[in-house]
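Engineer: Features from TrEMBL:
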DOMAIN    16-319  domain 'DUS-like FMN-binding'
BINDING   PRO18, MET19, LEU20, GLN71, LYS140, HIS172, ASN212, GLY213, GLY214, GLY234, ARG235  FMN binding site
SITE      ASN98  site 'Interacts with tRNA'
ACT_SITE  CYS101  active site, proton donor
SITE      LYS184  site 'Interacts with tRNA'
SITE      ARG187  site 'Interacts with tRNA'
SITE      ARG300  site 'Interacts with tRNA'
SITE      ARG303  site 'Interacts with tRNA'
Amino acid sequence: MTLLDPAVPSPWRLCVAPMLDWTDRHCRHFHRLLSRHARLYTEMVTTGALLHGDVARHLDFGADEHPVALQLGGSEPADLAACAKLAERWGYDEVNLNCGCPSPRVQRGAFGACLMHEPALVADSVKAMRDAVGLPVTVKHRIGLGKDERYGFVRDFVGTVADAGCEVFIVHARNAWLEGLSPKENRDIPPLRYEVAQRLKAEFPQLTIVVNGGIAGDEAIAAQLEHVDGVMVGRAAYHEPWSLASWDPRFFGTPAPARDRAALELEMVRYMEQQAAAGVPWAHVARHMLGLWNGEPGARRWRQVWSDHKLKHEPPAVVHALAQRPVRVLEQGAAA
Ligand SMILES: Cc1cc2nc3c(=O)[nH]c(=O)nc-3n(C[C@H](O)[C@H](O)[C@H](O)COP(=O)(O)O)c2cc1C
């Protein structure tokens, strides 16, 4: 596979970020109905959870989710290699190593962002995974740790890990401050420095560089794609899911899979019915689509219906009918 042929968009051109508690398989199913080409990432799964826990619960996914990457959290090369094998056996398209999470729990496990202090260990981990599987092994990382903003730090990290065979780097373009900030603050407070991702691309043109952090809307995405191979969008994709509907036509030259929001909602109702038959409460699915009508008349009421726990025993079709009422009433009001 050539990653750099300008006629063929990089497989990493647009990605939806791994987000713990958010990008589960139901969320990814929903996002896939909005874009056929966006690359989707699982929540981070730790090597401990996979090697000692319920593998199927962590790894099962729907056949329609491809291309989909499993993100791993861990720092033992042998454990990571064993988990990469599981990922391959389960049919994932990529294994991604988390070197960007600053949470105290992850730091205690000595992985996530603190791995940026140990590029040789990350290189060993990448090598072990690459030796174990044929899948692309990629790394998601920050551009520095603490207040140290020297470019040389991230350049040496990327250089060392690339020497071990990693060809794709997802660059969350802000430092991680490992002390004094919560994980949430660490996604907002350290300043964004996109120029660092751009410089990495200029310095390592053979690598695929995907930029992440604070990017929302097609214009912002297009501006980044002038400089790097791909863009990963996290919170904006989750909170404003309909924004994904323009991705295929604009960035991949193919029609949008969803005709409109109402048709998409109906498809999700069908999916909720299938899931309900398998014992999954509809609310586990519906929670990911609550931003679908944002900006449209009646969106707040619609959202309230789909998040109303008093309706949890009703079938999805009934909740759907109830949710339509405020939208229709308002639309009729506006038309009158
Ligand atoms: C709720 C939530 C959970 C997250 N979980 C993960 C995770 O499991 N692995 C990871 O690498 N990053 C995680 N992140 C960080 C995102 O992948 C992304 O790097 C960050 O939100 C910046 O991108 P954005 O500004 O487009 O959201 C999480 C972010 C959020 C909001």
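From the backbone N, Cα and C atoms, a Cβ is placed for every residue, glycine too.
Describe each of these features in terms of where it is and what it packs against.
Structural biologist: Sequence-distant neighbours of ARG235 (FMN binding site) (same chain, six or more apart, CB under 8 Å from its CB) are MET19, ARG187, listed in sequence order.
ASN98 (site 'Interacts with tRNA') carries a strand DSSP state (E or B). All protein chains included, ASN98 (site 'Interacts with tRNA') registers 24 other Cβ atoms within 10 Å of its own Cβ.
Contacts of CYS101 (active site, proton donor) defined by a Cβ separation under 8 A and a same-chain sequence distance of 6+ are given as MET44, GLY73, PHE111, GLY112, ALA113, PRO183, in order along the sequence.
According to DSSP, LYS184 (site 'Interacts with tRNA') is assigned to coil rather than to any helix or strand. Packing around LYS184 (site 'Interacts with tRNA') is summarised by its Cβ count: 9 other Cβ atoms lie within 10 angstroms of its Cβ, all protein chains included.
With a 10 A radius on its CB, ARG187 (site 'Interacts with tRNA') counts 18 other CB atoms from all the protein chains.
With a 10 A radius on its CB, ARG300 (site 'Interacts with tRNA') counts 10 other CB atoms from all the protein chains.
According to its DSSP assignment, ARG303 (site 'Interacts with tRNA') is helical. Cβ neighbour count for ARG303 (site 'Interacts with tRNA') (all protein chains, 10 Å cutoff from its Cβ): 19.
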Engineer: Please go through the recorded sites LYS184, ARG187, ARG303 one by one and keep those whose C-beta falls under 6 A from any atom of ligand 1; give the result in sequence order.
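Structural biologist: Only ARG187 qualify.
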Engineer: How would DSSP class LEU20 (FMN binding site) in three states?
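Structural biologist: Where LEU20 (FMN binding site) sits, the three-state DSSP reduction gives coil.
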Engineer: Taking PRO18, GLY214 as the binding-site residues to compare, which has the smallest set of other Cβ atoms within 10 Å?
Structural biologist: GLY214
Engineer: For ASN212 (FMN binding site), which residues of its chain lie six or more apart in sequence with Cβ-Cβ distance below 8 Å?
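Structural biologist: For ASN212 (FMN binding site), the qualifying residues are CYS15, ALA17, LYS140, ILE170, VAL171, HIS172, ALA173, VAL231, MET232, VAL233, GLY234.
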Engineer: Per 10 Å Cβ neighbour count, which of the binding-site residues LEU20, LYS140 ranks highest?
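Structural biologist: Sorting the candidates by Cβ neighbours within 10 Å, the top entry is LYS140.
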Engineer: If you measure ASN98 (site 'Interacts with tRNA') to PRO18 (FMN binding site) at Cα, how many Å is it?
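Structural biologist: ASN98 (site 'Interacts with tRNA') to PRO18 (FMN binding site), Cα-Cα distance: 9 Å.
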Engineer: Within the domain 'DUS-like FMN-binding' (16-319), what mean pLDDT does the predicted structure show?
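Structural biologist: Computed over the domain 'DUS-like FMN-binding' (16-319), the mean pLDDT is 97 on the 0 to 100 scale.
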